[in-house]
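Read the structure below first, then the notes.
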Amino acid sequence: MFECWLVSKDGKHGRIRLPHAETVVIGRGPETQITDKKCSRHQVQLMADCNKGYVKVKQMGTNPTSINGVDIGNEHKVELKPGHTLYIVNNLYPYMIEFLEGSTNPRAKIENENRSSSKRTPENSLNVDTETPRKLVKKESNVSPSSSSGRISSCPTQGKSNVQEVKSQGHWSQDLKVSMQDPTMQVFKDDKIVVIKDKYPKARYHWLVLPWQSIASLKVLRAEHLELVQHMDAVGHNIAREHTNSKCAPFRFGYHAIPSMSHVHLHVISQDFDSPCLKNKKHWNSFTTDYFLESQAVIEMLKTHGKVNVKERISDVLKTPLLCHMCKKEQATMPQLKEHLKKHWPT
């Protein structure tokens with residue numbers, strides 16, 4: 001069974017273990033190093049479900065506890081999942097959860113986790129390259145589909161070394177933070193961002209643009225991030241232009257409303273959706289409904305409102321019928337949809 005850990009995103013202290021199906025209460029005190037008097041000593045009640053991969057959160061204190069910037073209130077228990085950010089009180093003191101494979105020596109594991117956590121800060125965990133901006137030497141395997149016909153022949157699997165590294169660092173939702181530092185995955189990088197191949201591409205061309213800065217989700221973005229987001233958009237368009245041709249399907253540039261990975265990332269994806277990794281309705285609807293926020297729309301929201309507005313219950317659109325993104329005809333199954341899409345491919 002996996003073990004659940006509560007991790008301070010500020011890196012102020014070691015991880016806190018959340019035993020399966022046991023209630024853990026945290027708040028102001030030496031364990032969290034929170035001294036804010038607005039935070040109760042019993043601010044938040046947590047109960048991990050290591051089988052289902054989430055933590056039930058209940059606010060116990062008077063002042064608001066929130067997940068991804070949304071207050072949870074005193075009356076409800078809310079699911080905290082990998083990739084989400086828990087703010088203990090007043091949108092301060094951010095935490096995330098990780099699920100690690102259980103250790104046969106729990107004490108040694110805890111000591112190792114605390115030791116590694118105490119050395120890690122948000123700055124040194126992600127800003128691995130602060131050299132003068134430079135473009136990587138592009139290898140054909142890094143920037144083009146895996147066959148000469150322009151199609152992805154099979155859904156890629158994780159390399160052995162990467163699998164071991166990801167497992168040692170945490171839950172699959174943390175995988176991006178490993179991939180963005182893997183030279184074999186990188187297509188371009190500078191002092192602000194890195195572009196990587198999507199490990200499970202949903203189209204013939206699918207890249208991710210990520211900031212080195214640790215930003216958990218769209219809801220964390222503020223006006224001060226505008227220049228960074230504009231830079232991500234510009235780099236995404238350049239990558240699409242440089243590595244495709246006039247016969248390629250058009251591209252879209254945007255973000256998932258609620259990212260599956262715990263690091264904000266811009267999708268640069270061709271609209272052929274010709275990939276064996278595109279397997280289910282959730283995959284499809286995440287790129288063809290309002291769940292996919294256009295990059296320019298995000299930029300305009302930051303310019304106008306200083307933040308990104310994500311619709312309530314936006315996840316419901318992932319359950320809507322399968323509609324072709326070109327002609328809007330409904331398709332009964334994914335195989336039927338994928339066959340239908342061939343009619344729209346560039347000739």
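For all residues, glycine too, the Cβ spot is worked out from N, Cα and C.
Per Swiss-Prot, the listed range annotated as region 'Interaction with DNA substrate' is 198-202 (candidates: 13-17, 168-172, 188-192, 198-202). Looking at 230-252, 276-298, 322-344, the range annotated in Swiss-Prot as zinc finger turns out to be 322-344. When the ranges 183-187, 213-217, 258-262, 263-267 are checked against Swiss-Prot, the one recorded as motif 'Histidine triad motif' is 263-267. Within 10 Å of HIS267 (site 'Interaction with DNA substrate'), counting CA to CA, the recorded sites SER179, HIS256, LYS282 contribute HIS256. Fewest Cβ neighbours within 10 Å among the recorded sites HIS256, HIS267, LYS282: this applies to LYS282. If you take the Cα of HIS256 (site 'Interaction with DNA substrate') and the Cα of LYS282 (site 'Interaction with DNA substrate'), they are about 12 angstrom apart, rounded to a whole number.
Counting only the Cα atoms, the space from SER179 (site 'Interaction with DNA substrate') to LYS282 (site 'Interaction with DNA substrate') is about 23 angstrom. All chains included, 24 other C-beta atoms sit within 10 angstroms of the C-beta of SER179 (site 'Interaction with DNA substrate').
Under the DSSP three-state reduction, HIS267 (site 'Interaction with DNA substrate') is assigned to strand.
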